[in-house]
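Novice: This is the structure, below, for whatever I ask next.
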Amino acid sequence: MRFVITPPREARAESDLFVLLHKGDIVVSASGSYLHPVSGISPLLKPSALSMLGEWHGVAVWVGVIDDLPQGVTTAGVRSLLMMASPDEFTVLARAVQLTHWLEQHRFCGRCGTATMAIEGEMARGCPACGLRAYPRISPCIIVLVRRGREALLARSPQFAPGRYSTLAGFIEAGETVEDAVHREVFEEVGVRIDNLRYVSSQSWPFPHSLMLGFEADYVRGDITPQPGEIEDAQWWTPEALPDLPPSVSISRLLIDRWLAHNR
Ligand SMILES: [Zn+2]
């Protein structure tokens, strides 16, 4: 793998590269790159919003926030860039966006209100008054493709693009196991019971800090009953007649493609 997450370093070097965010978007150079050399941008960086992401081909990569755009660059939306990204690029950008979001929201201690400080050698903010530590927030979610014979259950939320259907997903509740969350979410969203959960894979999803845990499961019983407000429609689909599907970069599409590969 070309990009690896490493412990944060104190010192920056001339060879370091920067992912830059401006008003929540990614800064893109005239050549289309979002990895910028340190030369010329140092005066623009806000030191309070600077984190090391890891190493790309052995070169340290940081994320920084800038208020003013240098000459000759533009910005691109995070979602549109991620939809075209390779797996490595996806990791870099997703990590950059999540850490920036976390830094913005943890400038002050949640317990006593004192300004927090970076903790050396760790990706953490500490409170100098009461000692509380804050680490980047990750919110685990389950995402599941439910199978019934050759069919798959796909549903659409009211926010989806017209005609698009996807797998079921939801946040894991405090105190809940991953497995219980899969059963609960499926029953809440579409009213069916499942069993035989199989873990498939995971994906970091930076909107704003989800970790998607992907499963397959088998239908047991129940008629589809969409949850009001959450699910606009849900249906059983065969590989021969499919709706519009999520983009190929998403774990939902990975689950769907895996099901298709086993049923064609
Ligand atoms: Zn405090």
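Note that Cβ sites are derived from N, Cα and C of the backbone, with glycine treated the same way.
Caution: TrEMBL annotation is automatic and unverified by curators.
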Novice: Which one, Tyr135, Tyr165, is listed by TrEMBL in the same substrate site as Arg79, Glu122, Gln203, Ser204, Trp205, Pro206, Phe207, Pro208, His209, Ser210?
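Specialist: Answer, per TrEMBL (substrate site with Arg79, Glu122, Gln203, Ser204, Trp205, Pro206, Phe207, Pro208, His209, Ser210), from Tyr135, Tyr165: Tyr135.
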Novice: Check TrEMBL for me: it has Ala169, Glu189 binding divalent metal cation 1, so pick out which one of Glu216, Glu230, Glu232 it puts in that same site.
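Specialist: Within the candidate list, TrEMBL flags Glu230.
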Novice: What binding-site residues in Cys109, Cys112, Cys127, Cys130, Ala169, Glu230 place CB under 6 Å from ligand 1?
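Specialist: Close enough to ligand 1 are Cys109, Cys112, Cys127, Cys130.
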Novice: Tell me, in order along the sequence, which binding-site residues from Cys109, Cys130, Ala169 have their CA within 10 Å of Glu185 (divalent metal cation 2 binding site).
Specialist: Ala169
Novice: Would you list, in sequence order, the residues of this chain other than Glu185, Glu189, Glu230 that have their CB within 8 A of the centroid of the site's CB atoms, where the site is the one recorded for divalent metal cation 3?
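Specialist: Nearby residues not in the site list: Ala155, Leu168, Ala169, Gly170, Val186, Glu188, Val190, Gln227, Ile231.
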